[in-house]
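According to TrEMBL, the feature DNA-binding region maps to 30-69. The annotation NAD(+) binding site is assigned in TrEMBL to G104, A105, G106, N107, L108, G109. The domain 'CoA-binding' annotation in TrEMBL covers 93-194. The feature region 'Disordered' is assigned by TrEMBL to 223-242.
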Amino acid sequence: MTSHAQSPEGVTGEAPAKRLPSAVVARLTVYLRALNGFVAEGIERVSSDALAEASGVSSATLRKDLSQLGSYGTRGVGYEVDNLLQHLSAALGLTRDWRVAIVGAGNLGRALARYGGFEVRGFEVVALLDTDPEIIGNEVGWLRVTDAANLEAIFRRTRANMAVLALPGSAAQQACDRVISAGVRSILSFAPTILQVPRGVTLRKVDMATELQILAYHAQRGEAGGQTGENEHGEPAAGTAP
Ligand SMILES: NC(=O)c1ccc[n+]([C@@H]2O[C@H](COP(=O)([O-])OP(=O)(O)OC[C@H]3O[C@@H](n4cnc5c(N)ncnc54)[C@H](O)[C@@H]3O)[C@@H](O)[C@H]2O)c1
């Protein structure tokens with residue numbers, strides 16, 4: 001795929017007021033996916049021809065669609081990938097305050113990335129990272145797995161402000177440290193290990209085995225238990241609102 005760094009398009013970042021035809025909306029999702037591919041490759045600016053090619057549409061169609069969003073293109077002038085990505089996300093109603101990056105694209109990470117329920121609750125999954133060359137570049141939902149070696153740059157580019165750790169315990173502390181140095185202050189960890197975080201960082205741990213053990217404890221005592229909504233520390237259980 002070719003792309004050419006050129007001057008950025010003038011995009012406003014505001015959702016268009018008018019209702020878009022559903023065919024255009026469908027193509028916007030294709031452009032979004034293509035732009036995510038450029039992000040995965042570390043490409044910051046792209047020509048309309050390259051974006052059209054990556055999306056499987058003609059340049060004329062692409063420019064017409066984007067002009068409906070207020071992103072007027074001039075032939076030969078490029079788009080700033082991140083800017084256009086955000087503009088399209090806003091147009092599609094995908095812009096949320098919380099932008100979640102999932103570190104670890106194994107069974108759990110992929111399942112979380114595919115789960116549509118986060119989006120409707122205001123959590124946009126913006127990146128899925130892994131270190132395995134066999135996994136990097138794979139498409140999962142509308143994301144492409146990116147190389148965790150570039151974690152800081154990916155977090156910066158995607159403006160991730162929340163991280164989910166879905167990787168082995170042995171790799172978790174280092175990944176956690178890097179996530180924090182990338183500016184993230186809210187971390188949800190599935191890793192089966194104790195993590196140290198500095199003051200000012202919120203770390204929540206999900207441990208299904210612990211939850212099952214607590215269930216087993218109540219069951220063997222013949223307790224109905226009910227829905228406590230608390231974990232073993234008397235804190236709200238993972239998944240319940242704090
Ligand atoms: N808390 C829970 O309830 C719960 C439930 C299931 C799994 N887990 C834990 O979640 C983690 C993931 O489980 P899984 O089944 O998806 O495992 P998995 O082996 O399928 O996936 C782990 C992925 O992490 C990647 N990885 C390793 N080091 C990395 C790094 N430094 N940066 C980014 N990616 C890295 C691996 O390449 C792999 O793709 C495990 O630690 C597992 O024990 C917790």
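Cβ from N, Cα, C; glycine included.
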Just to confirm my parser: what is the rounded mean pLDDT across the DNA-binding region (30-69)?
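Looking only at the DNA-binding region (30-69), pLDDT averages out to 91.
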Sort G104 (NAD(+) binding site) into helix, strand or coil using the DSSP assignment.
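DSSP call for G104 (NAD(+) binding site): coil, neither helix nor strand.
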Within the chain of A105 (NAD(+) binding site), which residues six or more apart in sequence place their C-beta under 8 angstroms from its C-beta?
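Expected: A113, L128, L129, D130, D132, I135, N138, V140, V145, A166.
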Once near-sequence residues are set aside, which residues in the chain of N107 (NAD(+) binding site), 6 or more away, have Cβ atoms under 8 Å from its Cβ?
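Result: none.
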Taking the binding-site residues one at a time (G104, G106), which has its Cβ surrounded by the most other Cβ atoms within 10 Å?
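The largest 10 Å Cβ neighbour count belongs to G104.
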Would you list the DSSP helix, strand and coil counts for the residues of the domain 'CoA-binding' (93-194)?
36 helix, 28 strand, 38 coil
Quick one: DSSP breakdown of the DNA-binding region (30-69) into helix, strand and coil?
28 helix, 3 strand, 9 coil
Which residues, in sequence order, are found in the same chain with Cβ within 8 Å of the centroid defined by the Cβ atoms of G104, A105, G106, N107, L108, G109 at the NAD(+) site, excluding those residues themselves?
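Neighbours found: I102, R110, A111, L112, D130, A166, L167.
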Once the chains shown are all counted, how many other Cβ atoms turn up within 10 Å of the Cβ of L108 (NAD(+) binding site)?
17
What is the total of other Cβ atoms whose distance to the Cβ of G109 (NAD(+) binding site) is within 10 Å?
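If we count other Cβ atoms within 10 Å of G109 (NAD(+) binding site), we arrive at 24.
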